Amino acid sequence: MFYFRGCGRWVAASFTKLQFPLARLSSDSTAPRTPHFDVIVIGGGHAGTEAATAAARCGSRTLLLTHRVDTIGQMSCNPSFGGIGKGHLMREVDALDGLCSRICDQSGVHYKVLNRRKGPAVWGLRAQIDRKLYKQNMQKEILNTPLLTVQEGAVEDLILTEPEPEHTGKCRVSGVVLVDGSTVYAESVILTTGTFLRGIIVIGLETHPAGRLGDQPSIGLAQTLEKLGFVVGRLKTGTPPRIAKESINFSILNKHTPDNPSIPFSFTNETVWIKPEDQLPCYLTHTNPRVDEIVLKNLHLNSHVKETTRGPRYCPSIESKVLRFPNRLHQVWLEPEGMDSDLIYPQGLSMTLPAELQEKMITCIRGLEKAKVIQPGYGVQYDYLDPRQITPSLETHLVQRLFFAGQINGTTGYEEAAAQGVIAGINASLRVSRKPPFVVSRTEGYIGVLIDDLTTLGTSEPYRMFTSRVEFRLSLRPDNADSRLTLRGYKDAGCVSQQRYERACWMKSSLEEGISVLKSIEFSSSKWKKLIPEASISTSRSLPVRALDVLKYEEVDMDSLAKAVPEPLKKYTKCRELAERLKIEATYESVLFHQLQEIKGVQQDEALQLPKDLDYLTIRDVSLSHEVREKLHFSRPQTIGAASRIPGVTPAAIINLLRFVKTTQRRQAAMNESSKTDQYLCDADRLREREL
């Protein structure tokens with residue numbers, strides 16, 4: 001009999017007598033008969049599906065626990081993926097062999113690259129997604145993933161045991177307790193609870209306990225986390241009403257067609273499943289003063305707006321927009337929900353007014369005069385955990401082998417959740433096999449920026465990814481996510497397939513070869529002008545001009561360059577992606593050199609590790625103010641670089657910490673050298689004894 005300390009109670013269990021509480025849907029014929037897994041993932045949303053499949057790809061026997069299997073892959077809010085900053089996350093998730101990008105390519109009904117007026121480093125790939133197709137394709141993928149078992153069930157509590165002495169944390173998670181009292185054991189547990197922790201839905205003055213419309217919240221688990229000592233906050237979000245397509249007058253609205261050709265999210269796909277000519281348009285309309293009037297006259301009927309709980313700054317409700325920006329017109333994008341769906345999603349009209357007032361407001365808008373509301377908009381309020389309580393691997397400081405991913409960490413958006421899910425799944429698996437964590441730094445990816453911001457700065461409002469948050473965005477582009485992460489994912493995490501790894505290696509070597517060839521081809525400027533007349537090349541240049549420099553001109557691409565110099569450039573035009581990436585590399589060549597130097601400087605700071613067991617409150621070897629000590633104690637940064645980004649930690653404190661780290665490293669090196677010398681002398685003594 002083994003005993004585990006639960007939240008304020010003792011949980012007793014015998015490993016030999018455990019019975020599995022419910023029949024499970026398994027894609028793994030080798031799933032254990034006893035309920036013991038390597039990794040348990042709680043929640044089947046966008047973070048949970050990525051976490052579960054990532055852990056399984058890494059070789060861990062994984063259990064995905066969800067309230068309902070038929071809601072796996074459900075897009076609870078907007079029917080779209082990607083956007084500015086978010087599209088970068090999608091490419092990075094795909095580079096680590098995640099699911100959502102490939103599923104989007106199979107399910108998209110309208111593809112558009114945003115930010116085209118700017119450089120390719122900040123282009124944002126976005127797609128409208130068929131909700132029904134996405135859910136079907138995701139469930140098919142999940143239920144056919146080796147080593148992954150899916151089970152319906154709600155988690156009420158965590159099973160805890162004594163901590164591992166070599167790691168920080170006051171206890172260790174070793175399983176979960178379901179609402180029916182049954183238990184399942186695991187080496188690592190990942191919480192991806194979304195908006196379900198003590199979630200409530202708000203419409204007007206009415207509130208209902210729910211994580212989303214039609215699904216029950218998670219109460220017991222929220223209480224467990226609070227009793228364990230986690231700092232819990234409260235956030236809110238919302239979704240707009242759904243409108244009947246047939247009731248909208250599209251003929252008077254501004255029509256927006258998809259890009260042709262469509263750019264896929266996944267590096268493994270050359271095209272998307274639904275051809276551009278078969279894709280659906282979106283339409284644009286605007287609010288007007290009558291909308292403002294309805295909002296302002298009925299604030300007393302809207303408890304969600306009156307709440308002090310913080311909502312998403314960059315996806316506000318229409319009520320928030322009217323209050324913050326009075327007398328302005330606001331865009332409303334009418335987005336299709338699927339190829340055969342009768343519903344339209346009015347992006348920009350998230351609201352929590354009473355249902356009858358929602359329809360009254362909508363019919364004030366141009367093109368929606370006869371619109372019928374099929375489902376009212378509603379708000380959701382839910383618990384989240386201060387993300388400064390987790391490490392860059394997404395493991396919690398308080399409880400060993402417990403990982404958080406998704407909205408539980410204070411983020412908003414499918415893409416942010418998916419990115420965290422992949423990292424949590426990888427690291428939960430690596431923790432089981434006692435391997436070093438897989439951490440993406442700020443210099444390596446948008447995922448690194450996302451996690452670093454959360455773990456060092458925390459958040460008091462739903463966090464959304466933007467390109468403006470990234471210091472090295474010229475290097476961290478959507479086109480090169482595979483070069484940055486796929487090779488690492490294969491070698492350091494084991495989460496990338498052999499086929500994807502080989503493709504990334506081929507692309508990397510082809511790019512290096514292509515750039516080398518382009519640098520080697522040189523002609524006079526006048527000759528280049530004759531070869532490519534459309535290029536605005538100045539003929540007054542006296543020095544030879546490289547083909548790589550010619551490719552920098554906006555009018556020139558690899559096709560026109562290959563026509564001018566067929567050999568050896570023609571072969572680089574056969575792969576469209578390779579040709580486009582060579583163009584991008586040429587565009588940024590001069591600035592990338594300087595940015596790489598800056599990255600090296602940052603990496604040096606990141607390489608200076610702070611001792612994991614450092615007690616900032618009592619340490620005497622470093623001069624720190626009481627305020628700085630408290631901030632460092634709460635956030636527990638792992639590197640000097642991370643410590644420098646914590647608000648309130650002064651440059652003087654960083655210098656003192658830097659001195660402390662270097663002194664500690666010198667002492668450790670001296671001790672290691674002394675130990676080697678002692679070992680050498682001992683070996684010499686033994687050798688002499690044998691000779692005698």
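Residue positions begin at 1 at the first shown residue.
Note: Cβ is positioned from N, Cα and C throughout, glycine not excepted.
As given in Swiss-Prot:
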BINDING   G43, G44, G45, H46, A47, G48, V155, S218, Q407  FAD binding site
MOD_RES   K508  N6-methyllysine
TRANSIT   1-25  transit peptide
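Counting other Cβ atoms within 10 Å of each Cβ, the lowest count among the binding-site residues A47, V155 belongs to V155. Same-chain residues at least 6 positions away in sequence with a Cβ under 8 Å from that of G43 (FAD binding site) are, in sequence order, L65, T66, L191, T192, T193, G194, F196, G406.
The maximal spread of the FAD binding site, taken as the longest Cα to Cα distance among G43, G44, G45, H46, A47, G48, V155, S218, Q407, is 18 Å. Distance between Cα atoms for G45 (FAD binding site) and K508 (N6-methyllysine): 33 Å, as a whole number. Geometry remark: V155 (FAD binding site) versus K508 (N6-methyllysine), CA distance 44 Å. When the recorded positions G45, Q407, K508 are compared by the number of other CB atoms within 10 angstroms of each CB, K508 has the fewest. Secondary structure at G45 (FAD binding site), as computed by DSSP, is coil. Reduced to three states, the DSSP call for V155 (FAD binding site) is strand.
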